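> Taken from TrEMBL, the feature disulfide bond applies to 27-54. Marked as domain 'CUB' by TrEMBL: 27-142, 145-254.
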């Protein structure tokens, strides 16, 4: 599985003004403004140049977010990194860092209409090997995402919780935990207008088509619900009338058969 690092170290602090031109290493163009496309390391599926450094700005129309997936089975050495930011540069929120090798696909979704991807292949001058073949991924514009969660656990709250949520909400949450095999939802508190204000759960992205996998509404006693995936969406809909306090949901990734929330308690 990929090594996910949710911190930004000064060793790899980035500056757009100092970035080398992408073409120097045979990278794809910096600006990616199509509604969908592919990104990959130089020379993929062959060995990328030693010291390769590429950066990409994916820019969607203002009404959209950007989804970017790096496919599994990417062969990267341990000193190679892929940084993904929610915005135009490294001053924007860091969604995650992948460090090779990448065994399992990882998806990142922006809450803005831009996504910045930086690949650092490493400055080693040692022999080239199959460990430097690199990676491939794809991106696409998607309907606007309000909140994105990229860690193995987190707290999902309705807008204004524990105060009353607003009328006429259309609010999308996306949860992606690449190192997990499934995710447990712990519904700690849930109170919406029964049958009119609903929280829909979709495996994958909410806009990918198909019906919801689960729907929650009304006043619910605390319970657990297991999502058989490490990537899913929650879509909260409220009508124009009555509102209540909403919901408080803890999500916990299942990693190597263990619940990460239980592990942190011990």
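Quick reminder: no glycine exception, Cβ is built from N, Cα and C everywhere.
Structural setting of the listed features?
In the three-state DSSP assignment, the secondary structure recorded for residue 54 (disulfide bond) is strand.
Across the domain 'CUB' (145-254), mean pLDDT in this model comes to 94.
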> If you draw a 10 Å sphere around the Cβ of residue 27 (disulfide bond), how many other Cβ atoms fall inside it, taking every protein chain shown into account?
23
> Using DSSP, tally how many residues of the domain 'CUB' (145-254) sit in helix, strand and coil.
3 helix, 58 strand, 49 coil
